[in-house]
Structures are given as structure tokens and as C-alpha cells.
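Q: Sending over a structure as C-alpha cells; questions will come in a sec.
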Amino acid sequence: MSQGFRGPTGVFPHQTQSYLDPSHEHSKWRYPQPQGPESYPRSFQLQQIEFLKGRLPEAPLIGIQTQSLPPFLPGHWPRFPGPPAQDRQLEIWEFPRSVTLRNQGFHIGPPLPPPHSRGTPWRGADGLCSHFRELSISQSPEQKVLNRLEELGEGKATTAHVLARELRIPKRDINRILYSLEKKGKLHRGRGKPPLWSLVPLSQAWTQPPGVVNPDSCIQEFPRGEPGLDSEDGDPASDLEGPSEPLDMAEIKEKICDYLFNVSNSSALNLAKNIGLTKARDVTSVLIDLERQGDVYRQGATPPIWYLTDKKRERLQMKRSTHSAPAPTPTAVPEATRSPSFPACHPPPAGASSSVAASKRVENGQEPAIKHESRHEARPGPMRLRPHAYHNGPSRAGYVASENGQWATDDIPDNLNSIHTAPGEFRAIMEMPSFYSPTLPRCSPYKKLTECQLKNPVSGLLEYAQFTSQTCDFNLIEQSGPSHEPRFKFQVVINGREFPPAEAGSKKVAKQDAAVKAMAILLREAKAKDSGQPEDLSHCPMEEDSEKPAEAQAPSSSATSLFSGKSPVTTLLECMHKLGNSCEFRLLSKEGPAHDPKFQYCVAVGAQTFPPVSAPSKKVAKQMAAEEAMKALQEEAASSADDQSGGANTDSLDESMAPNKIRRIGELVRYLNTNPVGGLLEYARSHGFAAEFKLIDQSGPPHEPKFVYQAKVGGRWFPAVCAHSKKQGKQDAADAALRVLIGESEKAEQLGFAEVTPVTGASLRRTMLLLSRSPDAHPKTLPLSGSTFHDQIAMLSHRCFNALTNSFQPSLLGRKILAAIIMKRDPEDMGVVVSLGTGNRCVKGDSLSLKGETVNDCHAEIISRRGFIRFLYSELMKYNHHTAKNSIFELARGGEKLQIKKTVSFHLYISTAPCGDGALFDKSCSDRAVESTESRHYPVFENPKQGKLRTKVENGEGTIPVESSDIVPTWDGIRLGERLRTMSCSDKILRWNVLGLQGALLTHFLQPVYLKSVTLGYLFSQGHLTRAICCRVTRDGKAFEDGLRYPFIVNHPKVGRVSVYDSKRQSGKTKETSVNWCMADGYDLEILDGTRGTVDGPGKELSRVSKKNIFLQFKKLCSFRARRDLLQLSYGEAKKAARDYDLAKNYFKKSLRDMGYGNWISKPQEEKNFYLCPVPND
């Protein structure tokens, strides 16, 4: 057995006495030491090693004249005896798991006797030494990996799989070790899959970014001739990755607190995304930990909103404002698993490079350093290295021993240790002026308020409060009103000072208004203080501010009170959008050089132009122009309110222009012609309501589910609807709610008409009478300024359809195309809808009827025209030459037929471009709505494909061109599967402009009836539309028109589009249902299945617009007019009997073929050969 331990400098005997009285001299316990300049420090370090290994009973001391080394753990460790060796023989090699940290020391193993007591020496050291040769220390997995990579040589790399096979360590452990060593800066990971791992080159030891501590750079390499220390001091538990998690946790906590300090509150998901994480669960545990520490608190349940506590916010505020040096590292670690932390190391000076070398091995007990806050703010000092706690090396001054034997100033860098500072330096640091001291330069409160005023009012006020180190709260004083129209009153409180409250329909707006009021008062006070006015004049009582909010605002903040945190341009556009008016920013002039331009802008709303303004940029000029327009509008609203209420002032422009008080023509058209969901949400928002959709029920198999949805607007539930998809269910529910809401609330007087009762299904007859029959029931023109002729046509169409569908049916819901024909008795007449229809489908080939019982084409334009024919039949049945004054007819030339009076005109409205040639253009060709008295057409002929005849797709949407060859559809061919061909709506409107709307049968009694105008709501291009509906046939001049016989002509109607809204493209297919109505039907709607051509329902009833029913009307009219020669004819023979019409139709088809547009495709002749029994004259 060896009698001593051979160290690097000599042989030391084993010490058997374990405890000594404190009164003994330290010199009695000095060991024999070799001679040399570094013998004493090396022997002292060896004594530390012997003590930590349990071979010495007492911690060694070092005099003040000598230098000490950093301890293994932070804190002041007192001198105390060690436990018996036999009790801790199994624990000494797992030191980190059994250590218990105290405030004044640490303890291993069983309880220790008090330092002042005496006891017999422990006799376990000899036993430990006697079995010392039998003990061995295995290398840690990290050390094995580093050794293996070192054996490969510098610049050589390998994969994790190879390392796992060679070292016989599981691959997942190898991966963990490799990434841990990479984080510590010891390994380099190359690109590729799998990555190649290699040692970090020695040249990169000092190239790490600032703030990153490389543990290797803090350790000196020992001579290769002394490998004993490396093997003796090995501790497998020291290289575990335990500290990495607390370090990440601390960094996440710091980021969370910093983010919550900048924003008042946030959800867990928002927090995670703003600090670099992805999911809420990544920060949930950290937030709960911070909540236990009293740093954050939460409100709400799903999901909770997190806030900083007031104490934590104050601490962060003080920390940010003082800019003081970072606090020293704590002297004790509260957790048993916490590893020591070392300050960042710096590269040595050039002169010391020869004595310092970076270690290539992972030393025992080495851990990454803790990241200190505000490390970059520490004043720079000389670059020096700190030796590792276990190994020999040159020490430095600054670690002195106190009288009680403690290791003083552990782990505190010299540049942060106030013990060694010069006299008075510590006091100078503590008495450093704060950030808000008047001696430091910073902007004035008035300047800061001016900057904050340009931001959102709430954000600006909070920023100003933070700037002045004040607390700012928004208190909810009162909440009133029903659930569908609540009112919230908020008040701003800054450091206990209360400001005037503000009330609005939402919490957000109320907070903004309250912030605007508080900001205006603070701005006025700060301005008065800067101008030198007495301070008592700048402060106004809260009562005066609350009673006179307009006087409390400075002139410079008047615009802010108008816009409630939004830009002037946005606010103006929103107001005009609510009012249904168009707003335009006009550039009047541009002056000045390129480096200093001047732009002059003005705002034009309808026919009204507001004062121009100039600014150095277009953006600023537009904002200033919008501000001038808003001020002018507010003055007009205030003056009108004074005239009506005797001088009562309105609080804001929004209230004076409340949409529930003033509604315009564009609102109805805009909401009914947009996407149903978007239209309902916009309608609800503009009226101050909240809208939502709720899934009531779900049933049916997975391949054919049924969803029942219900809309809720302003606390009111609307009828439920059923659909086969959730998207369609929401759209149908929105359509139903929108139709009911507008139908109930819309009144004629609110649209500028005389007093008319609300248009509902029950009062439709009276409404139509008031709008069409009574000359005194309505004004001659629409009084709305800015509305165009086409706007009036569109309004009448949608208003009539909305009134008819007030008591909705589920089959009416969803996206649809609307067409209507409006009649005007004279040019000054407002007009009345005489026929309307919806739909976008054609009949299937297997649903054709030989008896005329199906409607072949259910597109909206065709259905409205068939309804118009029924309206003409009803008017003809009422015609009497004695009462012809009230009729729309008059005798034509020759007296044999009737004709439409010259003052009566008919106008067609379609909510979108007609299918076929009229819709074949892209968005860039769309024209804006322009009110023009010129009716001249400018058709577009850009390529030979334009103008071609097209047919509709069977059981679908869209059109395809006809073939050039002759096509004769046959009944049996279609029944056997041949494609059914139906001409497009553009082609049929072209035929109406040549042959008339009345058709062949009515030509027996009437002269041709032509359209006066065509109005579109969407997809309007004047050149493409005019080419499609009339100008195709006159492309080569008047040759075609000259070939027509009297009374047929080529009619060129006036065309235009709606201007009060801009419809957006709606996705999804239209429904198969089709609605038809004419004035003769009262308020009775008929709903068809467009693919079957019959009434929608199980009975498949005959439609009133079918060939059979129209032919029945014709037979009644023949009997009434004593045209018995026509009663015995079939449907096809009666049409051919109209000789003039038949000749003109054949000429029209032949001309289209000759012009190269293609062949007109008709239905099989077999379906026109049905008869009806003669109808007796009633």
C-alpha cells in the first residue's frame, strides 16, 4: 500500500487526524511542499483537490499574501470537517447528486458536528486510502466522444451512426451528446444528411460572438506529462445537460416579461409567436411558473390573457430607466441541481498567449456559463482568463480569504466587484442620476405628446404614460343598452387623475374616444406650460371637461377627435361608404423642383368639391384634404342639427351621420348584390349590430350530410335554413337574415320618396299602386344627389325583389342572378317593375316535353322576358278604346294593330353581364359608371372570335361556341343522349333588339316592342356589351338594317352600369331554382326547378311561363279580339302565321350565318306541334 499520494510536485503523507481545535495555528497543518516559484499555489490547489476527494478532513486556507483559485461552487464556504470516509465512500464519486447547499456552506453525507465542538479523529481516511487502487473512474460519454474525434485528427469528421457503433452507445444518446457539445462550442456540425461532426478548430477559440461563453476558453491546458489529474478528477455526472434547461427557461422568462412590458396584455399563442416559438404550449409552463412567482397574472378562461403584475412592471421600468451596471452573480445556488456559473472570458493579451492554451478536452465539472442580463453594458476591462476550479494554473488577485476562512468574492469579475473599487467609486455608481433626471437631455412632454398624437390614441397615451413613469388605466364606468346594441362608458385614469369619460357602442371605440379626450387635455396643459402660462390656468376641472368636451380640445387635436385613431383618408372613405356616395381625391397641380415638390389635392364628393390643400408629398396632401372635407362635413351636420333642434351640437361626425338615421339608395343595392355572408356582416356593422352564424343541427349520412344554420343579428335570431355544406348553410342563413332585415326596415321615405308604408309581402299591392298608379304618391324624380339613371333602375329592381321575397323560402337563398324589366310612362316617371326573374340553368335533354309543359331556358333574362309577355297579355285584355287614355297602348298606323305609346318605355336590368358574347372580356376591360347623355355605341371588334354565336351548357353554367356546320337538333337524338343546345342570353337579347320583345304570337296584335335601355350591375364593358346585344349585325354598315321590312328595326338601347356599389366576384355555383313574377301576379311568386323546367316541388306542376300556358293566354286573347282564324292552329302554326315576324326571323338567322357568326340553333320542331282546345269567349 502506498504511504502517500504522488502529485505533480511531490509526495504527501496521508492525514489521519480529522478535526482540530480552531485555536490551533494554521501553520501546524502545512504540508511539505517542494521548492520553486509556483510551489505554494500548486500545493494549495492540490490540498483543495485532496479535501474535495475526502482525503483531508479540513478545508485548506490561504493567506492574504497569496492568490486563490475560484471555488467549485459559488458562495462562501466555511471551514468544516468532512464526514467519515466509510460513510461517503459510495457517494464521493457522485458528488452532484448528494450535495446540499446552504447559505454559509455545504454538506456531504450525514449531519456534521458543530464547528466549535471537539471529537475524536475519524479513522475512515486510512480505509479509503488503502482501497484507493481498487477504485477507478470511467470516462463520461461526452469525454469518450471527444477522445474519439480527437483520435481522428483535426479536420476529420464522422457521423453519429459511426460513433454509436464504435463507442457502443445508443445512437439517440450519441445525438444528444453531439448537439450538447455543439451548443457548448466544442464540436462543429457540417451540412448534409446525416451531418458530419468534427472538433472545433483551435483557431476558432476566440472568434465566438460577444456574450457567448466558451467553457474551453476559461481553462488552461496542463502538461501532457501529468495525466493523473485528468483521470482522477473525472466526474461523469458533471457533464450532463441538466443546466441547459434552466438556462433556456430563464431566457424564455426574460423574453416573456420584456414582451408583456411593451404590450399591455397578450395570449399564450401570441406570446409564443413573438418570442420565437410556435405553439402556446411552449410557453404555458413558463407562464404558470411566472404566475407562481408573482410576475404575471391571467384573466379569462378560453384562452386566458396574460398581464404583468404591477410590481414586476415597476422592477422592469426601474431596470430600463436607470441603466445601472448588472448585479453580481448570486453567492448561493438555491437548487441542488444548479451548476456553477462563470463570467464571460475574454481573449488574453498578446503577451500572455505563450502561457495560455485552449484545452482540447472536456474538463470535469465544466458547464456552460449562465447568460447575464445586460452583459453588454458592463464597462470594458482587460482581457484575462480564469483558471478552472480543479486545475493548477496562474491565479490572479481579487479572491482574498477573510478571517473566518471563507473564500471571498466567489465568481464575481473584477470589473463588477465593488470590494476592490477605488474609494468613492461605489458611491458614485449608487448615486448615478436616473434616466428621468432633469440633468439628462430628453424631449419635453409637449413634444412627446405631439409624437404620440400621430399614433393610435390608446397606444399613444400608454406610450406617454410610460415615458413619464406614470400608470395609465382604462376603467369601465358603465355598461348599458340591450345585448344587440350595447353602450360602454370608459374613463382614463393616469396616476389617480381622472379624465372625462367617453361612451360608444363598442369597448374599442370607447377606449379610443376616452384616450383622445385625455390626450387633448394633456396636450393643452403641456403647451401652456411650455409657453410660460400659469400652471393653474392650464388645468381645468374634470367637470368642465366632461360638460364641454369640444372646448376642452385644442385646435390641433380637432382632427383627432374626428378620426378616432384612424387616418383621415380611411375615416372619410368609411363615412362615404356608409352614405352610399362616391369619394374622389383629385390632383389639381404639381409644382416645385423634383427634390422639393408641392402637390395640391382636393376632395370631391358627388358634385360637391372641398377646399384644396398643398403638401410636399401625395400621401400628406390626401390626408390634409380628407381632414378639410371631414371638418366641412361636420360643420354642415352641426349647422343642420342646430336648425332642427335649436342649437344642439352633435358630439361627433359619426353620430350625426349615423347609418340608422340616414340611409341611401346604394345601401339596398350594395347589400343585396354582394356575397350574402359579407353583405350581412357589413349591414350589421354599419347599423351597430353584432352578427353571427350558429350550427343548429347536423344530420344525414357522411356522403350526403345536412347542416341547419341560423343567423343572429343584434340579439335576434332569424329563420333556420338547411344546406348540404357548412359554407352554403352560412350563405343561405345570411341571405335569409339580410332579406328579412332590409325588408322590415326599408321605407320609401328614407330613400327620398313620399310617405309609403314598409314594403312587405302583405302590402305589395298597395306599394305597387303607390309607386306606379298614383301620380301624386311619389315625386317625379329621385331626390338623391349623385345617383344616376342606371342606379334608379337597379334600385327599383332590387327593391321589388326584396319586397316579394320578404317572407323567404329556403329555395330562394344563395347566390343568384336577377333580371327585371321596368316600365316608365313618361321620361319624368320614376318607373315601376313589371316583370322580374332569377335563375342560371337550362332544362336537361330528358325533361323536354312534346306538350309545351316545360320551360327550356330558366336564365334570369329569359324568365323576365317571358313574364313581360304575360304582362302584355294582361294589358291587352284590359284595353278598351273608350278608356285608352289610361292604357299603355294606342292604335298603330292602319288601325289593325296596337303599338306602345311613344311616352312609354321599357328598361332591362341584369345584375351581371349576359352570358355569351357580352361576358367574354377580362377585368381590365371593365368600364366605370359614367353618367352620360350620349347614347352612341362604340362596339369592340378586336379579333374574329368576337361576336360568334354561343350556346349554353346543359345542366351547367357558361357557354361554348357553335360549330360552323349545319346542326339540326332532332327529338330522338336528344332523347338518346345528344347534347341539348340553347342559345346564349347575349344572342337572344340581340334577337329582341331586331325582332322585338313581344315574340311571334303577340305580333298578331302588336307592333314590335323594343328596350329603351340596358343596365348591368357587374361585369360591364360598353364596347363588348354593345357589340353583343345589337352592333354585331351592323358591323358592315346598314346593309342588314336596310334588308329588314317595316316595322322591324335594329334597336340600339342605352347601356350603363350601377355606380353606387362595386360588386365583387362571388365564388360558388348558383342554385338550380328560378323565380318568376309579373305585375299581373300581385305578390304571388313562382319558383321553378331550372333543370326540370317545372314548378319546384314533388307535384311537378305546370309553370305559368311555359309554352302551354302562354299559348293558352294567346287563345283567350284571340277569343276576346274575335280572331277565330287563329283558334284552330297549333302552337307552331300560330307562330308561323305571323308572316312578317317569321320572314324577319329567317332573314335575321341567314344574315348571322352570312356574317360568319355561326348557325342559330333552335329546339326540335316536334315540341312545337301541340294543340289546345278552343277557349270559349268569356
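Cβ coordinates are placed from backbone N, Cα and C, and glycine is handled just like the others.
If you look up Swiss-Prot, you'll see His859, Cys915, Cys985 marked as Zn(2+) binding site, on the strength of sequence analysis. Under the heading compositional bias 'Low complexity', Swiss-Prot lists 323-337, 635-648. The compositional bias 'Polar residues' annotation in Swiss-Prot covers 554-564. If you look up Swiss-Prot, you'll see Lys371 marked as SUMO cross-link. Annotated SUMO1 cross-link per Swiss-Prot: Lys371, in sequence order, evidence recorded as similarity to another entry. Annotated domain 'DRBM 1' per Swiss-Prot: 456-524, in sequence order. Under the heading domain 'DRBM 2', Swiss-Prot lists 567-635, citing sequence analysis as support. Residues or ranges marked as domain 'A to I editase' in Swiss-Prot: 835-1170. The asymmetric dimethylarginine annotation in Swiss-Prot covers Arg30, Arg42 and is backed by a large-scale study or a structure entry. The feature phosphoserine is assigned by Swiss-Prot to Ser231, Ser238, Ser434, Ser567, Ser582, Ser589, Ser763, Ser772, Ser774. The phosphothreonine annotation in Swiss-Prot covers Thr757.
Have a look at these and tell me how they're positioned relative to everything else.
A: Annotation note: Cys915 (Zn(2+) binding site) sits in a coil segment as assigned by DSSP. Within the same chain, the residues at least 6 positions away from Cys915 (Zn(2+) binding site) whose Cβ sits under 8 Å from its Cβ are His859, Arg950, Lys952, Glu957, Gly958, Thr959, Ser984, Cys985, Ser986, listed in sequence order.
Summarising the environment of Ser567 (phosphoserine), the number of other Cβ atoms within 10 Å of its Cβ, over all protein chains shown, is 15.
Within 10 Å of the C-beta atom of Ser582 (phosphoserine) sit 18 other C-beta atoms, taking all shown protein chains into account.
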Q: If you take the centroid of the Cβ atoms of His859, Cys915, Cys985, the listed Zn(2+) site, which other residues of that chain have their Cβ within 8 Å of it?
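A: Here the non-site neighbours turn out to be Asn840, Asp857, Ala860, Glu861, Ile862, Pro914, Gly916, Lys952, Thr959, Ser984, Ser986, Lys988.
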Q: Identify which of the recorded positions Ser589, His859, Cys985 has its Cβ surrounded by the largest number of other Cβ atoms within 10 Å, counting every protein chain shown.
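A: Within the set of recorded positions, the most crowded position is Cys985.
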Q: About how far apart, in whole Å, are the alpha carbons (Cα) of Ser582 (phosphoserine) and Ser589 (phosphoserine)?
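A: On Cα coordinates alone, these residues lie 22 Å apart.
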